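First up is the structure itself, then whatever we jot down about it.
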Amino acid sequence: MSPPAARQRQRYIANKHENNSLLKKPKKFINATLRRENEKSGAAKTNNRKYQNERSPESVNVNVGVHTAFKTFVSARLCSAICADISDCDETYNYWEPLHYIIYGHGLQTWEYSPQYALRSYTYILLQGVPGWIYERIFHPTPILIFYMVRCMLGFGCALMERFMYKSICQEFGVHIGRLWLIFQLFSAGMFISSTALLPSSFAMYFGCAALAAWWQQMYALSIFFMAIATLLGWPFAVLIGLPIAIDMLWRKQMFRTFFMWSAISAVTICVPMIVIDSSYFGKLTFAPLNILWYNVFTDHGPNLYGTEPWSYYIVNGFLNFNIIWLLSLLTPMMLVIDFIVVPAKTKSTLNFPRYITLAPYYLWLLVFISQPHKEERFLFPIYPLISLCGAITVDVYQRIFYRLKTLMVQIKAGTVGSHYLDHTMFIAILVMVIGTLLGLSRVFSLYRNYHAPMDLVMELNHFKNSNEYRSSRLYNVCVGKDWYRYPGSFFLPARNFRIRFLKSEFRGLLPAYYADDENATRITHPYFNDMNQENDYMYFPYENCHFLIDFDADKCTSLEPCYSKQSKDWSVMKSLPFLIQDKSNSFFRAFYIPFLTDSYTVYGNFNLLKSKKMKPS
């Protein structure tokens, strides 16, 4: 066995050579340096190298270049921007609606944006709002075009982060793991949902994972700056991702000067403009990240008012979004231990860091958030790329162990073509990639098929705007009742004279209200807002003044939630689209689309856009 320094040098040369090849077109290459070293060190070193994460010198290495990977990421994220629905009403009311207010001067306001609480940052909204505002002032597009422009911008930003991360993974973990990660990312339903969501958790994913990628390349200053953006401009809890980076710099490397200097530079660069902007909007000195941290951690009620879930919630949700890749990622620590015991090659660290610290952000995040009573799907967004990474590492370890068992049963001549572990185990990687891809695409298609109706339905109002009935001088009220949380936002309304209104339903929580018609609307404190999720009747609109009504007919009618489509004297159906009835559908077949089988196990109701036959004035 070669000494540790020689093995480290060997691994460095191999990883550097393969990373350089990523920038070129895929081709055959022979690593002469490794071949000469193997010939000198004999069979012992050959046995060690054949378990490492590089191909044997004589074999063909099919690389996906960084530029090619970036093109695939952009394609996938633009598909998400166009096709993904809004899966979380928090995205609609806490981010798309304030953005609509910034651009058009009207939109819905939630209690988090009330100056007395100031939990949300307008600085974050402005990052998306300024490009949309410029687009609107120059080209005067319809609001829906601004919506999709912002989404495409988010998707492109996510693709940039993934490109950076792909290059870092290939350098730090090896090209084989990089290839697996690329495929898992492209066909992940979780990334399809999160990559273009206008949410701080998605923003924290962009910059948090970019910080990890910079860290793996030992770009410490850039890593700290990206981490500060993710935490301060995005989501304060993203600091968990950066904790292992801080431990590495302060404990392992003792880079005290670099750490504190760049932390201070990042804090000043980000916090000063943020405090100035938010204080201007709220009319008082405001630091939103501190407010949201205080509310969620140090108040008696906090987020638990909005529901609690058992620990199994994230297990099920992780499988829906990452299928078997999620399960493999949970097994990674155990598989690494088995790999260390079973496989004779003992060089288990990656190029620059041991795996116990490079993978720590993922498991630290799971440990903290699984223990919290209040759980939401978006809380896992920041670690979605790490799920793919840990899943890829587990697949690689399975391949190494399988090869080890095979060598114990079948004699493989060392130093010959095909003696590397990947030459005998690629069927495992291909099998996992095929299953993961099929399940991912099945989930994505199921989401679009089952839940996309509200977005398509509201866009139907554009046809009314182009009809002879439409009057530009009139204010049209579009009402929602029990389906308030499925409303996609004011960007889907065709013009400024359309307003969303809330009808009283069985829901007993606090709904948003429109910003006041005032120049300083963001500074006004309203008496109807509270942080206890207590219902206020101010938000409800008179039923008789509705011009349009959006309602899901699932054949469950109550006095507060009648089946409006059956009230033919008051309403006519403009358009109706199928929408899944969850409690009447099989849980597996509603989650994944299986051709020729799903239709037999799922039940759909009608999501209706209704038009009043009376059309009373506002």
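We number each residue from 1, going along the chain as drawn.
From the backbone N, Cα and C atoms, a Cβ is placed for every residue, glycine too.
The region 'Disordered' annotation in TrEMBL covers 34-57.
Under the heading transmembrane segment, TrEMBL lists 145-166 (among others). Long-range contacts of the transmembrane segment (145-166) within its own chain (CB-CB distance under 8 A, at least 6 residues past either end) are made by residues 66, 69-70, 73-74, 76-78, 80-82, 96, 99, 103, 128, 131-132, 135-136, 178, 181-182, 185, 191, 195-198, 202, 205-207, 209-210, 212-214, 385, 489, 491-492.
Annotated transmembrane segment per TrEMBL: 178-199 (among others), in sequence order.
Sequence-remote contacts of a segment are chain residues at least 6 beyond its ends whose Cβ falls under 8 Å from one of its Cβ atoms, and for the transmembrane segment (219-247) they are 121, 123-124, 127, 200-201, 203-204, 206-212, 255, 258-259, 262-263, 265-267, 269-271, 274, 289-290, 292-293, 357-358, 360-361, 364-365, 368, 382-383. For 219-247 (among others), the entry in TrEMBL reads transmembrane segment.
Positions annotated as transmembrane segment by TrEMBL: 259-277 (among others).
Residues annotated as transmembrane segment in TrEMBL: 319-341 (among others). Note on the transmembrane segment (319-341): residues 184, 188-190, 193, 348, 355, 359, 362-363, 377, 384, 386-391, 393-395, 397-398, 400-401, 432, 435-436, 439-440, 443, 591 of its chain, located 6 or more positions outside it, place their CB under 8 angstroms from a CB of the stretch.
Positions annotated as transmembrane segment by TrEMBL: 353-371 (among others).
Residues annotated as transmembrane segment in TrEMBL: 424-445 (among others). Distant neighbours of the transmembrane segment (424-445): 83, 176, 180, 183-184, 187-189, 192, 320-325, 328, 391, 395-396, 398-400, 402-403, 406, 412, 418, 591-594; these residues of the same chain sit at least 6 beyond its ends, with a Cβ under 8 Å from one of its Cβ atoms.
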